[in-house]
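Asks: Below you'll find the structure I mean.
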Ligand code: UDP
């Protein structure tokens with residue numbers, strides 16, 4: 001395996017499957033199987049999951065809600081998704097721990113870096129919930145932050161698009177996919193990989209990002225084996 005310890009970022013919206021909101025149990029089970037394939041091959045797996053399928057702070061704010069209040073609601077949404085993923089992973093036979101940036105002791109451990117690393121070393125899948133624990137941040141930033149903290153080899157951003165394109169491939173049929181890019185390329189070409197805070201943190205810490213299609217069976221294992229799937233952003 002090319003990567004021994006990964007930080008997998010899944011968006012909340014990915015969990016919706018074909019639904020308009022919420023969680024599709026079928027999609028969750030599929031993701032659990034994808035994750036099991038790399039777990040069986042000995043990859044240490046940390047996961048950060050978004051909350052956009054349930055609540056986004058910005059959406060609340062645009063409807064007149066206090067932004068900070070909305071962001072905390074968004075963070076709680078990521079905990080709900082984390083719990084759902086935890087259940088699906090355990091149903092598939094893996095050991096897991098959910099650690100949250102906001103303390104919710106009845107259902108999750110508080111985030112403790114050393115403890116998270118220990119879980120990873122023991123082959124437990126660690127899900128990080130509640131983002132960074134701070135409003136005005138995103139789960140992409142949480143993913144890079146946790147990835148840097150636990151010394152992940154790479155951030156794997158699982159999306160429904162198979163990489164980074166010259167333009168939005170869902171809108172522009174002439175859009176071309178990049179196989180590799182440098183952090184510098186992304187900035188000079190003005191490409192949208194992650195929000196600026198997340199992207200800068202990754203660049204400063206030289207932590208590569210791979211954007212790939214998580215909905216294609218077998219892709220996650222291919223990425224971990226080092227196959228040229230998706231788009232890799234590196235120094
Ligand atoms: N959020 C936050 N701080 C964080 C991470 C998330 O306030 O560190 C809130 C924010 O309101 C965001 C919501 O949680 O809109 C859901 O996260 P995100 O939009 O990143 O999820 P995704 O788009 O990946 O589903």
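Glycine is no exception: its Cβ is also placed from the backbone N, Cα and C atoms.
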Asks: Of 159, 180, which does TrEMBL put in the ATP site with 9, 10, 11, 12, 52, 56, 165, 168?
Replies: 159
Asks: Hey, TrEMBL has UMP bound by 71, 132, 133, 134, 135, 136, 137, 138, 139. Any idea which of 51, 93, 158, 163 it lists too?
Replies: 51
Asks: Work out how many Å separate residue 51 (UMP binding site) and residue 11 (ATP binding site) at their Cα atoms, rounded off.
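Replies: Computed Cα spacing between residue 51 (UMP binding site) and residue 11 (ATP binding site) is 7 Å.
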Asks: Quick one, of the binding-site residues 11, 134, 159, which Cβ has the fewest other Cβ within 10 Å?
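Replies: Comparing Cβ neighbours within 10 Å for the binding-site residues 11, 134, 159, 134 has the fewest.
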Asks: Averaged over the domain 'Aspartate/glutamate/uridylate kinase' (4-213), what pLDDT does the prediction give?
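Replies: Looking only at the domain 'Aspartate/glutamate/uridylate kinase' (4-213), pLDDT averages out to 96.
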Asks: For the binding-site residues 51, 136, which Cβ has the most other Cβ atoms within 10 Å, all shown protein chains included?
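Replies: Per the Cβ count, the most surrounded site is 51.
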Asks: Calculate the distance in Å between the alpha carbons (Cα) of residue 159 (ATP binding site) and residue 138 (UMP binding site), and round it to a whole number.
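Replies: Just about 16 Å between their Cα atoms.
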